[in-house]
Amino acid sequence: MSHLGPLRRGVWAALLGQLLRPPRAVCIRAVDCHSQVAQAVLTSQLKPHQEKPNFIIKVPKGTRDLSPQQMVVREKILDKIVSCFKRHGAEGLDTPAFELTDMLTEKYEDNFGLMYDLKDQGGELLSLRYDLTVPFARYLAMNKLKKMKRYQVGKVWRRESPAIVQGRYREFCQCDFDIAGEFDPMIPDAECLKIMCEILNGLQLGDFLIKVNDRRVVDGMFAVCGVPESKFRTICTSMDKLDKMSWEDVRHEMVAQKGLTPEVADRIGAYIQCHGGISLVEEMSKDPRLSQSQRALQGLGDLKLLFDYLTLFGIAEKASSKKVRTTETQVFVATPQKNFLRERLKLITELWDAGIKAEMLYKNNPKLLTQLHYCEKRDIPLMVIIGEQEQNEGVVKLRTVANREEVTINRESLVAEIQKRLSES
């Protein structure tokens, strides 16, 4: 019966058994017939011990089917992405879904437990690829290529706890673009960021911010904070989790699981919670502790060059080391003087009553510098400052935190002025 197709004979026997039933059993709607045929195929492929009454037909945890409607959207998105890659001169590449386990573990280190290992199939220990980077590096080494601008779109697999609401699956698609080789500093890096902006703008996903980093700056920061060099990579892995974990949780992992002292972890925290663009790069270049690391200074110098190129590309405002805001606070109420808690409480009540999202420090006499740092670290856009002089004159100072500009306005006009600025932002 080879002419019947590639299915096993047992499967075809089950199908024919369905079709050759008495007419009373066959006279059903087409959709029911298809359902019975599918059930026959499924039943015939199950081993006897697997045929249980409570057997549930479902996709594996952390995976999903894409419906025809979803595939239309997916294909349009991938078309835009690949078109952008090609516009920038990239070559396409495809690599196997699995690689030698030793090759993957050489790169992934801490993520070894997240890889899917395959059973021995002919003397080789294999694992499903965790990302597309290691296969690309293996391809370059095998083919003795020193330079290549390539893109690759393909599925990868990670054996971790899925978070479907957050879009984290065990099987998902990655779109990679890499420029491999040695070039003058920051030119290819700037182009990669330009490509990201073109894609995100083309997909019309709304406003976005791209975080940039330099390994030399991170290594220099670790060194001056007291991290042993042998722990650089594993601590960096913890730090990368800040997008999905709070600093407190990341700090706990660094101390409890990876052996850092609390003092060293706190020094790291003081740096990685900073944010900004070229202004932050310039500020860190003058940092007394960080400037002790020549490696960090080299990285900061190249980041300055990168921002020069991003400015020429017209995307400098999209690149930053800014962290994601965890609150929606719009205004912070502050004072430079002691014994002004009551006035701050009156002022913040006016803002709350007007529907403005506001907060203040829970201290009787907070230092002004502490309040300023609080706003900057949390990206609160506006700060209202009231002191004795402002109270006597019936005014307040309204400070734009990003550029540190201050204006004096009448107390009665405060709510209207804030609402106006928020509507324009």
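Glycine too: its Cβ is placed from the backbone N, Cα and C atoms.
Values in this document were obtained by computation on a predicted structure and should not be read as measured data.
As given in TrEMBL:
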type    : residues                                       : note
BINDING : Asp131, Leu132, Thr133, Arg158, Gln174, Asp178 : L-histidine binding site
DOMAIN  : 62-304                                         : domain 'Class II Histidinyl-tRNA synthetase (HisRS)-like catalytic core'
DOMAIN  : 330-421                                        : domain 'Anticodon-binding'
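Locations of recorded TrEMBL features on the structure.
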residue	record	Cβ neighbours (10 Å)
Asp131	L-histidine binding site	17
Leu132	L-histidine binding site	22
Thr133	L-histidine binding site	15
Arg158	L-histidine binding site	20
Gln174	L-histidine binding site	13
Asp178	L-histidine binding site	19
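For the domain 'Anticodon-binding' (330-421), DSSP puts the residue distribution at 40 helix, 22 strand, 30 coil.
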